[in-house]
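To keep things clear, I will list the structure first and then write my remarks on it.
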């Protein structure tokens, strides 16, 4: 029967027996017996089932805790900790926790021991037995692979990067078949390719041989060279190995002093020698040599002897491992043994230990293999060179190895006399010191030389584990070795732990564990003994770790840990141990160097010599210094910018630009595109980035920043990096070396300034084999790029990278107000002392806030810098500045002229030479500043014209002396003085303006020179030269003539929007310039030489917002002009030259273009396709050549995309076509409500297959990416997979609980996604039909899904009106996009994956940014829902199919940006003419805007309301405007100044009703709080607060005599309020629904009210009596208006009719029908003969009162016309309209006999191409596609065109 503790006993018996055992353990003095009793008790308890024990659990817990205490006392803290843990676990199970002394209620608690186990003093035992925590279990808990240097494998004939790379290649070529299977894919691929290329194999082998010969030739042969060559030790051919072996042997033999480097090389060579390369003769030779050399060096210094023994030991270790049989031991061993025996008596313990190690190794060289050697050999750890394959190492069997150590019979007898537990060990320390014996007595016995010892074998095992990084086994071996208490073993362990701690090739945690292990050996005397030499050695190691200057480590890591541990150890133990520690500290550390693993040599010097590689670091350091000097001398103000993801993204979702770029540099992406407006800070950011990168440059990472100004490089698309380095004097060899072995951060500035489009990354073949390894950061102005800009920056070809994965984009955002303030603060700090400015931050900010428009300009960093320069000059010393508007060009005027003046002063201050003084005097006679300004603008024009806009001029005095460059930079005539004075910078022989915009300003100034007297121009020349300027200009030209030498006549300015913008601002400033431009256009009609100038002139005028409505442009020659967004209503272009003009979004309503030349004219749009019925679905062929649309009538139309003409119609479906798709082999598949899936030949239209099986409508169908399968989704709830060749059904997928609405195939995995009516998205495996994922998030039917081109994302659209993104692999939801106002029915990614398009039942198509979800343009044009959208494969067009029967084609290309001179940004709810009809007031969201009625130029913006303005009206005298807002206030504004005069606050809800009294002294207000308030306009006091209505008030009207105010309300009543006496006079009741509006007749005798009850009512204004009820409308009535004579009243309503009524009888007079929807606005002409109406259908109509005819109609609005007004005045008869399409427009009413025409005078905004009734008869060169577009837009085009 087994003993009791091995049986499962009842709990009470187990407890009783365990308690008895612990009692025995407490009272015994034998430590081992005590441990045995404890183990028995624990084993018995461990057999109990604790889950079933309830009453005895507390008692068991107490036993475990007592068990732990006893184990602590006997010095077993690890085991004690386990028992404590078990007690805690049981406590948690039973509701207990912690270490409280819980006791059993039955059994009394166990008492503490009364006797000690040994004869040690109590304080020593307590110190030993009660450690604070068990450190060992936390140490070396993980294995780590040996540190390796990763390397890429070279291509054929590539230069090798390092010798390590060569060694790895050769090792691969020598790998065994079993090893090959363990290789990574890259290595296997390389090996497969190279094995069959003998030439490449020979090249690599030759390189290794050449390296050996290079070492032989190397006279120095330092450690770096030897370490480099040792990479090859295990992969050398036998002949090369012999050469290297002989070289080391010769070096050792020939050296006068022992060659340590050669010894170390010999060690590594033997360790890495392949099997069979060395024989017995080699061993004899080496042993003899070592014996001889060591005896010769016996008398050398201790340090050198230590180095020698440190080197000899591993040589002998390697020889011991080699196991060459038959070696004669006697002869070579004798002398060496004798030498080592002598070293035993050395005074240096470090030398003694190394000698002992060498002695032990020599005992095994070579001999019959010991068991422990056999274990090591089987592990593969014996022979492993640096170049060996890691896969060849097997794990060391630690148990077998420890067992093998026991075969070494050295015993442990007498060990206790050396290092036992005697307490006298520490006490004897002082005696030893005093007697001068030190610790050598211990060492002599501990380092036994007499026979083979276990400790040597154990240390070899430790070395093997260190080699393979098996630290968990390392800990086991150290703690479990039979010799673990031997001094020699512990010394070797400490030595290895110290080497590990200091060796930075290992990870930091491992090194810290090594330090902690040393601390544990020092502390735990029970486990490791009290051996003073070991404690001394540990303190020595820790001192070196903590304080040595030769150990380089990161702050807070190993050095800090060692220092902290030293402090802790100083307090450890009893008095004797602390005395030992102090003695060790006083002795200090040894001077012996650390032994760390030889590093992988990064420089590969020998390989460089073999490959003739130059050393480039010196050249790079010089390059770094030059670049740092250049950047640090800029003295620029820099505020880190913020950015957004796309141009369309809102400015409220920004990120830090610097952090974004840092993330890019750490990522795998290759190109970072920085966009932004001119002057937004792109170049400054790039230069600051380069500065930061150079400051952080690390030579070991070989990553260099290179800043390139692209326009300064000739043909940068070819080797841009090499060309830039050549400019800094790098040699061809150095450039090639950098190219081969460095990575470049290429910062390319000014892409737009190259003046051509190309893909810089791809054209330079960056990161291609053999090319530059680079990350590119490139900047470009936003306006230079179109919507397809990614094509020019995307790494890789479009076909190979359709996802945009390698490209990041950021758009620098304008400065916020806080950024402006930050910039100003830094500017003030930098310039206060240098320029002596007295302006403070507050002064600048006040000026920026006060000057109209300056805050907006200041959002641009460069313009802000200009403003800060010129503001003190503009304001003068008083620091006061007016609130006048300032333009961008004005800042440049002041800045440039101030720069020139300062430049002149600098010349004078620095002193001029004789020649310079003479030239300066001549220039000064003609006004130096004026001459410099002309030099500046002439240079700018020359650069623009001669260099195609490239801003950098390279000038060579010899090469360019006969060119235009010499006119500006040659010798003589003061040229050098002039270019020093102008805003230019020079870099060697390169010149450029300080900013590109300054050059563009100069070009603009060369076109037109402003004169001091120009209205609104702030630019002023100095007073003493002003008269001279005027004289020169008067002599130069007359008012209406132009000088043909200007660049305006020789070069198109259309492609340079910045120049156009400068000139457009000049137009606004100078009427003279505007007249000159018109004169040029007029001159072009007669002289073709003026055509280029005329083209530029009209482009400038259009850009400036000049209207050409009704203009005579007959015969004008303006080819190539940009007329985008221009207004040419009723203009005459007959016979004009309009070739190659850009006409995007132009307004050409009723214009006459008869006989015009129009070849190449671009309208920016394509015609829509008109179908016979509504369009349900669209598809395009993969090659983009065919387009198909599926129709509601069951047919399919197939078009050629080359002409957009229909090819044929496919008929076969009996009901609506719901789905369409093309295959790559020109097959069309369709599906519909007839439950069929049909296949067609796309070339012939023949039907190929009919796939039947669905039992309900099929709404989705598509081809798999390989085109072998067709998938169809049906309302029957199934997805069917068909064979596309045979039509056979392959699989049916079931799962959705609702209709299947949509499908999409993954482009990269066998997966299909479906969306259904059950609100889910499901992902299916198409190979096995399994459901992979179900995505939930939509709250209504999912009716459209699509994959991104790279297959990583899914986009879905739903009836819940949202668009959502999902991770295609995990199903994780991403962005949710909202904006549609109805069901989202189609979604699609753009081909490059950057955009998402969506369409909806709300009749719109919307674009979104795929990364950020930011909304983009809204494409409007359909008049019904849009069920389908599809991108054409090239991404340039998007097609949308609508239920209105049209397919619309939207251009995704670059379009001309709209001129930003208008002001309206939101819907215009209300517009009003001023009493004199010379001004218009309009609402614009929270802003009121005033417009000049003559020009349409926006005036004051009335800002202050915090919510939308509902009403805006003029005071009767026209001097004041009142605005009523939903923010509960009314504000009164001064019309002339735009200043706020009063805020009328008191209402507690929104305000909608607003009216001035006829005398303008009062204003009445009303709104949601049911109150009518009357205010005194002068004081702003509320005079009356009328209450009576029970619901909100819509409208107010004053009686003509000003006695009463009428109000209409939601409570259905109209009330009259007396504003003279302050009473509620009458309540007019009769309406049965909301009374919408109320108004007085002109004579004040009658009131009209209109209501949502479909009626209007007339009332007696005096008595309140009800008059006629005007019934006839079939819906709510919205408006009413009296005729000027009061005899008629007109009403309009939801039914779209306008009705005229007799005011006396109420009889209907006329019913005007024409509006297709609600008529929302109504007004009589001032003469009462006409009525104008505006409606929900987006039209204005003019009606004749007598006949009821519609005399005129304007249908060019994009949305509802909400409000109109009609006035007759100085401008004639005019109508002003306000629309939801954000426009305010003024129309001239032109009477032509019985007809009326509405001619556009001006428009605040238009966003569409308007061609209604434009005449294109007899035009030449009009393309067929354009002709179709014009017809669709209502233009008159002959049918033959």
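Even glycines carry a Cβ here, placed using N, Cα and C.
TrEMBL labels come from automatic prediction, so no person has curated them.
Remember, predicted model here, so these are calculated numbers, not experimental data.
Features of the protein shown, as given by TrEMBL:
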- 191-512: domain 'Arm-like repeat' (DOMAIN)
- 671-828: domain 'NACHT' (DOMAIN)
- 1210-1250: repeat 'WD' (REPEAT)
- 1251-1292: repeat 'WD' (REPEAT)
- 1293-1334: repeat 'WD' (REPEAT)
- 1335-1376: repeat 'WD' (REPEAT)
- 1377-1413: repeat 'WD' (REPEAT)
- 1419-1453: repeat 'WD' (REPEAT)
- 1502-1543: repeat 'WD' (REPEAT)
- 1544-1585: repeat 'WD' (REPEAT)
- 1586-1617: repeat 'WD' (REPEAT)
- 1628-1664: repeat 'WD' (REPEAT)
- 1670-1711: repeat 'WD' (REPEAT)
- 1712-1753: repeat 'WD' (REPEAT)
Checklist line | Same-chain residue ranges lying at least 6 outside the repeat 'WD' (1293-1334) that approach it to Cβ under 8 Å | finding: 1256-1257, 1259-1265, 1269, 1271-1281, 1340-1347, 1349-1351, 1354, 1356, 1358, 1366, 1368, 1370-1371
Check: Against which stretches of its own chain does the repeat 'WD' (1335-1376) lie, if we need a Cβ under 8 Å and a gap of at least six residues from its ends?
Finding: 802-803, 805, 1298-1299, 1301-1309, 1311, 1313-1317, 1319-1323, 1382-1389, 1391-1393, 1396, 1398, 1400, 1408, 1410, 1412-1413
Check: Out of 1210-1250, 1251-1292, 1628-1664, 1712-1753, which stretch has the largest tally of CB pairs under 8 angstroms to the repeat 'WD' (1586-1617)?
Finding: 1628-1664
Margin query: I need to check the long-range neighbours of the repeat 'WD' (1628-1664): which residues 6 or more away from its ends have a CB within less than 8 Å of a CB in the stretch?
Written below: 1594-1601, 1604, 1606-1610, 1612-1616, 1670-1671, 1673-1682, 1684-1686, 1689, 1691, 1693, 1701, 1703, 1706
Check: Averaged over the repeat 'WD' (1210-1250), what pLDDT does the prediction give?
Finding: 93
Check: Sequence-remote contacts (6 or more beyond its ends) of the repeat 'WD' (1502-1543), Cβ cut-off under 8 Å?
Finding: 1469-1476, 1479, 1481-1490, 1549-1556, 1558-1560, 1563, 1565, 1567, 1575, 1577, 1580
